[in-house]
């Protein structure tokens, strides 16, 4: 009996020791993850400026990708000056929305920028037969950018996009400021978000393939360099000379490759294209393969662009409202809201702040709606959302100060007013952009799949819901695009709405995931990981 009691006492002591060890491990982990500067802290001014530019460069790739995709859909591939203005506009509005979000919205260190969730429905809208670009706009020799016919051709498309974005953003404003977002998120789980976000990336494979296919060698070089910098060299510090109060000179380390892999990959490939252009290795004949890899394709766009430009609302005329376009953009807005809620929680965790309360989330979504309204009014052809890339940057820099993000907003506004900056970005060779898209869209697709970690993928129910949603979202839009006359109800407006929705991969996958996840019987299982996480199991 005594031996049994001694054994129990030893067992209790071991459990106490294990519990103490686990607690100390958790404390050590917390100390490691704790940011150097918290949300309300203000770093030294020189560090603020440096980190603000770092956040700008982190968002750079995703922000410029959107107008470069839209320019082709808007028949603007041969109008470099307008492309440059679109880039300036989206930087300007992104900076403005970042300031609004940090000051009046969620009030966490989170950067706002263009939304890829709106790119997918935009592709579906502008791929409809009535909005397809005429053949003559594809031929550079036939395009006169100052011709009123050409101007009206692309501006009519832009005004339709503007109207759709502005009307759809009103819903986001209402959902946000009314507090409805909390109610809606009860029904939107990982099996809805995963296929929706995943299909944002997968749906853009054609755009990436067309651009990369203009010169596969340059595209492969760009993708290879980005992979090299972001994956293999990311933990290699670069020595940087600096000054301190105790020593006149000292050497600091800076993780250059981890901070700006996309910018470095583009810059090196761009330089290679320039060297191949001046040495006439790349063909000067526009009909030959590889011509679009030349750096002089856009001619003298940079010299023609003005030094100062100020984006303003209504620059392309009065926005027009098209029912099909509004419904399509609404699907993107809903996806964007779900993404942003996840970003808010991730940002709070990396900032050392408590989880955001419901009223703060509602305020953040409402301000994002205001941002999309502004983006539509300014004629960017896109909305705004929270940038996951910049949230991830907080874990690298350990600086979660609102002041830094506020300053990065002003940096984006400043860059948006320098016309030459937008013009320079339009001269990036097409295959370099294609190489960047291969990486970027692949990562977006993978980011969607990561949401499945919050559900039980050993469940046949969950495997079915995800697999069926993804596969159907690839099959249905593809069939409808191959058979454009299949949807014929006799009512033009209904046909347009159905055509836009059913050719938007993201909507089809998200809707099927939402419907099946909320109707197929299942039960909730609570698992302990980083906090309590819900996962669905098959009954």
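Placement of Cβ uses the backbone N, Cα and C atoms for every residue, glycine included.
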Transmembrane segment per TrEMBL - which of 191-208, 281-298, 353-370, 371-388: 191-208
Candidate ranges 14-43, 44-73 [criterion: TrEMBL lists as transmembrane segment]: 44-73
Residues from the same chain, set at least six apart from the ends of the transmembrane segment (164-184), whose C-beta lies under 8 A from its own: 118, 125, 319, 321-322, 325-326, 328-330, 332-333, 336-337, 341, 358-359, 361-370, 372-373, 375-377, 381-383
Stretch-level contact, the transmembrane segment (191-208) and the transmembrane segment (254-277), CB cutoff 8 A, at least 3 pairs: no
Leading contact stretch, 44-73, 254-277, 463-481 vs the transmembrane segment (432-451) - CB distance under 8 Å: 254-277
Contact yes or no, the transmembrane segment (44-73) and the transmembrane segment (496-516), 3+ Cβ pairs under 8 Å, gap 6+: no
Long-range environment of the transmembrane segment (214-233) - Cβ separation under 8 angstroms, sequence gap at least 6: 257-258, 261-262, 264-266, 268-269, 272-273, 282, 289-293, 429-432, 434-436, 438-439
